[in-house]
Amino acid sequence: MDELVIAGRSFSSRLMVGTGKFASNSLMADALAASGSQIVTVALRRVDIDRPEDDLLAHIDRDKYLLLPNTSGARDAEEAVRLARLARAAGCEPWVKLEVTPDPYYLLPDPIETLKAAEILVKEGFVVLPYINADPVLAKHLQEAGTATVMPLGAPIGTNKGVRTRDNIAIIIEQAIVPVVVDAGLGAPSHVAEAMEMGADAVLVNTALAVTPDPAGMAHAFRLGVEAGRRAFLAGLPAQQQKAEASSPLTGFLRDEQ
């Protein structure tokens with residue numbers, strides 16, 4: 001399968017994985033391995049980046065995975081920027097998944113504060129991957145600001161509802177000049193396959209892997225879903241049509257039709 005390229009860096013996997021909600025860190029580590037992922041997101045508020053022996057970080061091989069700190073929990077641009085700076089000061093690579101979610105109930109991203117934070121972080125040399133509503137206009141503004149990707153939500157975080165924002169994501173993909181990563185709400189392998197079939201460059205999944213009784217098994221299923229969807233997109237899906245069209249001749253063997 002072709003490689004994903006973000007900010008000049010190549011990845012063989014198009015499945016990114018989050019580390020929250022797992023029943024144990026060993027289950028999380030097994031899921032990461034089964035997923036084939038190379039990019040792993042970690043909420044900065046959940047770990048002590050300064051301490052590699054932190055139990056969560058001890059289960060993530062930093063030579064194998066790109067550790068992508070995220071600013072989950074930030075309510076405005078100021079908090080998000082502060083979290084990103086703390087991660088870089090602690091020795092993390094200057095990559096950040098930018099999340100600004102002032103509403104703790106629906107966890108929908110704040111477009112104004114997200115754009116504001118992105119502009120600051122890009123100027124400071126960060127590789128910024130912003131989590132956003134599926135808003136094509138905002139996506140264009142973020143790309144113009146210099147973000148490395150845009151990450152529109154399929155559905156609200158943790159809802160497992162799938163690609164509910166399909167029409168807007170299709171517009172974002174059509175207009176994108178950076179990779180489009182569908183993030184949030186993807187609860188089944190069929191959901192990630194759908195996103196990849198649409199032409200998304202990658203997907204990010206967490207809850208669907210963490211809450212299942214078999215995280216590693218589900219991670220492997222999602223891996224296959226991503227690969228199937230990407231291969232289908234590259235091969236070229238047939239156009240949909242209203243009228244039926246037979247795949248084999250209907251005449252000439254039972255009767256002749258004029």
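Cβ from N, Cα, C; glycine included.
Quick look at what Swiss-Prot lists:
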- Lys97: active site, schiff-base intermediate with DXP (ACT_SITE)
- Gly158, Ala184, Gly185, Asn206, Thr207: 1-deoxy-D-xylulose 5-phosphate binding site (BINDING)
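Recorded features from Swiss-Prot, shown on the structure.
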{"residue": "Lys97", "record": "active site, schiff-base intermediate with DXP", "DSSP class": "strand"}
{"residue": "Gly158", "record": "1-deoxy-D-xylulose 5-phosphate binding site", "DSSP class": "coil"}
{"residue": "Ala184", "record": "1-deoxy-D-xylulose 5-phosphate binding site", "DSSP class": "coil"}
{"residue": "Asn206", "record": "1-deoxy-D-xylulose 5-phosphate binding site", "DSSP class": "coil"}
| message | Around the 1-deoxy-D-xylulose 5-phosphate site formed by Gly158, Ala184, Gly185, Asn206, Thr207, which additional residues qualify by having Cβ within 8 Å of the site's Cβ center? | response | Gly18, Ala155, Pro156, Ile157, Thr159, Asn160, Leu186, Gly187, Val205, Ala208
| field | Position of peak Cβ density within 10 Å, selected from the binding-site residues Asn206, Thr207 | value | Asn206
| said: Fewest other C-beta atoms within 10 angstroms of its own C-beta: which of the binding-site residues Gly158, Gly185 fits that? | reply: Gly158
| query | Near Ala184 (1-deoxy-D-xylulose 5-phosphate binding site), which residues of its chain come within a Cβ-Cβ distance under 8 Å, counting only those 6 or more away in sequence? | reply | Tyr131, Leu153, Gly154, Ala155, Pro156, Ile157, Gly158, Thr159, Leu204
| To the nearest whole angstrom, what is the C-alpha distance linking the residue listed as 'active site, schiff-base intermediate with DXP' and Asn206 (1-deoxy-D-xylulose 5-phosphate binding site)? | 14
| task | Please report the number of other Cβ atoms within 10 Å of the Cβ of Lys97 (active site, schiff-base intermediate with DXP). | result | 27
